[in-house]
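**Q** Okay, here's the structure, questions in a sec.
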Amino acid sequence: MALLSFERKYRVRGGTLIGGDLFDFWVGPYFVGFFGVSAIFFIFLGVSLIGYAASQGPTWDPFAISINPPDLKYGLGAAPLLEGGFWQAITVCALGAFISWMLREVEISRKLGIGWHVPLAFCVPIFMFCVLQVFRPLLLGSWGHAFPYGILSHLDWVNNFGYQYLNWHYNPGHMSSVSFLFVNAMALGLHGGLILSVANPGDGDKVKTAEHENQYFRDVVGYSIGALSIHRLGLFLASNIFLTGAFGTIASGPFWTRGWPEWWGWWLDIPFWS
């Protein structure tokens, strides 16, 4: 694949965290690096384990295939392969692939001399995965509290997990997570729509400037956050979708065992309206 005119300028040595020049190369448009190699290794091994574990199951229906975590009786120990051991190995591969990909992003950022905002943002969903598959099961004392790898089985797990606490919508972490999701979608949707509107004027009109963008939002909501800050806001909102969701998830079980509607009892005791 031919390089674009400006790409060679940025394909410089250095910036690697491990391996030095040994892994400091590109394959086509893709930077490899040590963590690119480790990511490929974990992805290949994990997918192979999923395929082999599926071959030991009762069906090849892609919707019904399920790699289940160990039974609660195994606690935090290693389980036999067909009784949750595959799930444990696949989870290790998933974490290895996710973390490798994040560190590869760090190396690319170091090469370009830019901030680490992208890898730090990617850390947030990795943290959410760790909460579900590692931290919460550790606090509860068994890997069996994690979710299975499968389409329908995962949906069943989400459904059953929510009903264990009567109504998951009353979970304050879930409430906050969904609120951040909706606000983020609205904010970045408005931003994207505005950029398209100023960059695609009607026939005979000139492309508009940042001043037009700022004035539009001043007219609509009385304030414009600015072209740079809207991306900071988007990062903040998107990160908090996972962070507040992780709080609500890890609190369920280790720190709160009753239905989430009961948690709101304090609201009824506030002197103003009690």
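Any Cβ shown, glycine's included, is placed from N, Cα and C.
Okay, so Swiss-Prot annotates it like this:
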BINDING   H154, H174  (7R,8Z)-bacteriochlorophyll b binding site
BINDING   H191, H231  Fe cation binding site
BINDING   F217  ubiquinone binding site
TOPO_DOM  2-32  topological domain 'Cytoplasmic'
TOPO_DOM  54-83  topological domain 'Periplasmic'
TOPO_DOM  112-115  topological domain 'Cytoplasmic'
TOPO_DOM  140-170  topological domain 'Periplasmic'
TOPO_DOM  199-225  topological domain 'Cytoplasmic'
TOPO_DOM  250-274  topological domain 'Periplasmic'
TRANSMEM  33-53  transmembrane segment
TRANSMEM  84-111  transmembrane segment
TRANSMEM  116-139  transmembrane segment
TRANSMEM  171-198  transmembrane segment
TRANSMEM  226-249  transmembrane segment
**Q** By Cβ distance under 8 Å, which residues at least 6 away from the ends of the topological domain 'Periplasmic' (54-83) in the same chain are close to it?
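**A** Same-chain residues near the topological domain 'Periplasmic' (54-83) but 6 or more away: 89-90, 137-138, 141-153.
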**Q** Closest to H191 (Fe cation binding site): which of the binding-site residues H154, H174, F217, going by Cα position?
**A** F217
**Q** How long is the line from the C-alpha of H231 (Fe cation binding site) to the C-alpha of F217 (ubiquinone binding site), rounded to the nearest angstrom?
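**A** Rounded to the nearest whole number, the Cα-Cα distance is 15 Å.
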**Q** On a count of neighbouring CB atoms within 10 A, which of the binding-site residues H154, H191, H231 is highest?
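**A** Of H154, H191, H231, the one with the most crowded Cβ is H191.
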**Q** Under DSSP, is H231 (Fe cation binding site) part of a helix or a strand, or is it coil?
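**A** For H231 (Fe cation binding site) - judged by DSSP and reduced to three states - the answer is helix.
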**Q** Can you name the residues of this chain that are 6 or more positions from F217 (ubiquinone binding site) yet have a C-beta less than 8 Å from its C-beta?
**A** L190, L194, Y223, S224, I225
**Q** Sequence-remote contacts (6 or more beyond its ends) of the topological domain 'Cytoplasmic' (199-225), Cβ cut-off under 8 Å?
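**A** Long-range Cβ neighbours of the topological domain 'Cytoplasmic' (199-225): 190, 233.
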